[in-house]
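Inspection log for the structure reproduced underneath, given as structure tokens.
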Amino acid sequence: MAAKEVVFGNDARVKMLAGVNILANAVKVTLGPKGRNVVLDKSFGSPLITKDGVSVAKEIELEDKFENMGAQMVKEVASKANDAAGDGTTTATVLAQAIVTEGLKAVAAGMNPMDLKRGIDKAVAAAVIELKNLSQDCADSKAIAQVGTISANSDESIGEIIATAMEKVGKEGVITVEEGQALENELDVVEGMQFDRGYLSPYFINKPETGSVELDHPFVLLVDKKISNIRELLPILEGLAKTGKPLLIVAEDVEGEALATLVVNNMRGIVKVAAVKAPGFGDRRKAMLQDVAILTGGTVIAEEIGLELEKATLEDLGTAKRVVITKDNTTIIDGNGEQAQIEARVSQIKQQIEESTSDYDKEKLQERMAKLAGGVAVIKVGAATEVEMKEKKARVEDALHATRAAVEEGVVPGGGVALVRVASKIADVEVANEDQKHGVVIALRAMEAPLRQIATNAGEEASVVANTVKNGSGNYGYNAGNDTYGDMLEMGILDPTKVTRSALQFAASIAGLMITTEAMVAELPKADAPDMGGMGGMGGMGGMM
């Protein structure tokens with residue numbers, strides 16, 4: 001085991017604070033509408049330019065082991081805030097730095113670190129309750145666009161495209177962000193349920209100009225097995241021929257004689273039919289077939305529940321307004337399933353998402369829920385260069401997380417105002433002693449830090465701005481974008497409650513632990529092995545006789 005270096009007391013805290021400051025100072029220049037960019041060197045490819053706090057934090061690794069520990073702990077604050085709410089990473093870092101700086105001053109002055117931490121925790125718990133009281137619902141499109149705009153560093157086009165996407169696919173819908181080909185941002189919306197399986201034979205195509213199959217008001221047959229014998233399908237096909245309606249078959253596979261017969265019947269115009277493979281594999285396929293059944297009002301024909309294909313009737317089939325099948329995808333539009341059953345299925349999937357521990361499973365369940373609830377929107381980010389593309393895509397993703405958080409827990413006035421208002425209401429939290437009271441004061445001072453940093457980044461005097469805002473009331477705050485004061489909600493400067501709450505809780509949690517640190521242990525740097533000295537030159541040989 002390698003030898004370790006141990007640092008105690010104030011020496012340890014000073015080193016830790018130095019690391020905290022290096023990381024936080026690099027991150028906090030990005031805060032607010034007039035925040036600056038940070039350029040990150042990459043070992044390959046072009047440098048990355050970003051205004052995303054967590055991206056900056058993740059890049060920082062310090063040479064001094066003890067300073068690095070401080071930096072890594074603040075990095076943890078940013079990462080946790082990012083995981084919980086998807087935004088607010090810079091705010092969390094600024095709060096953590098403020099609490100640690102003030103806290104360590106108090107410890108150096110002889111106060112009890114544990115009591116300071118308890119005071120900070122009490123203040124934060126009270127602040128979270130006040131934030132919830134201050135919060136307002138974020139229901140309309142305008143508010144969603146404003147939240148998106150603020151999170152995307154005042155880029156209105158991003159806020160608007162996210163609001164449009166949410167309007168089209170609903171609050172539960174899936175919105176994904178991709179790199180686009182154009183210079184401008186684009187929005188693609190797939191309405192209805194789409195899954196990544198195309199037609200089993202090109203002979204089903206009835207729209208040669210688009211190379212797709214379109215079925216109007218079709219029946220939908222769902223089978224959880226391979227179909228290779230046409231005899232199994234005859235009763236359904238005969239019943240269908242009488243109605244004159246088209247049929248979509250979704251099965252594990254349709255092959256051999258069954259597929260050939262379907263193709264021939266389709267080409268002769270006897271029955272208009274198309275077949276696709278069921279989406280997913282194993283248990284996920286069963287679940288997705290059941291989703292389609294609920295969406296279309298049909299029944300999955302599966303032998304494990306005692307249903308046989310030969311005995312199926314038109315009653316077992318689902319129906320939809322329209323189905324479009326391309327080489328790679330099948331889209332079912334306006335299934336005729338019962339709304340109550342669809343809603344029950346959505347809430348069942350929601351429950352599974354909450355219980356799931358795997359990110360992959362969560363993502364797949366989220367997709368299934370979106371397909372049932374309304375559809376999928378894809379935001380294609382446009383930019384002139386790859387460097388700009390990366391920076392813009394990160395901002396769009398941040399804005400998307402922020403709007404989701406706003407829909408979930410509501411919004412509070414932005415620009416650091418919410419924390420200032422909350423601080424004024426919790427000054428008289430009950431505490432057990434003077435040191436705890438000072439812990440509360442540390443937390444209250446820290447709650448001003450984001451507002452002060454926004455003002456500093458805008459080139460204003462932080463103390464003047466902070467006092468002006470503190471003397472106001474309600475939503476009155478400072479708009480750094482155009483250097484004016486006024487009602488933050490009316491000016492459209494909103495922060496999601498969840499983002500502000502998460503930033504405060506994670507910052508206080510980790511900063512509290514740092515204040516109570518008394519010793520730090522790190523490996524000693526390995527001394528380099530000495531070089532082998534150069535071998536002396538061999539003497540010249542004497543003259544030989």
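Placed from the backbone N, Cα and C atoms, the Cβ positions cover glycine too.
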According to Swiss-Prot, which candidate in ASP359, ASP487, ASP495 joins THR30, LEU31, GLY32, PRO33, LYS51, ASP87, GLY88, THR89, THR90, THR91, GLY415 at the ATP site: ASP495
Other C-beta atoms that fall within 10 angstroms of the C-beta of LYS51 (ATP binding site): 21
Neighbourhood of GLY32 (ATP binding site), C-beta criterion under 8 angstroms, separation at least six: GLY415, GLN453, ILE454, ASN457, ALA458, ALA480
Binding-site residues listed as THR30, THR90, least Cβ neighbours within 10 Å: THR30
Position of peak Cβ density within 10 Å, selected from the binding-site residues GLY88, GLY415: GLY88
Distance in Å spanning the most remote Cα pair of THR30, LEU31, GLY32, PRO33, LYS51, ASP87, GLY88, THR89, THR90, THR91, GLY415, ASP495, given for ATP: 17
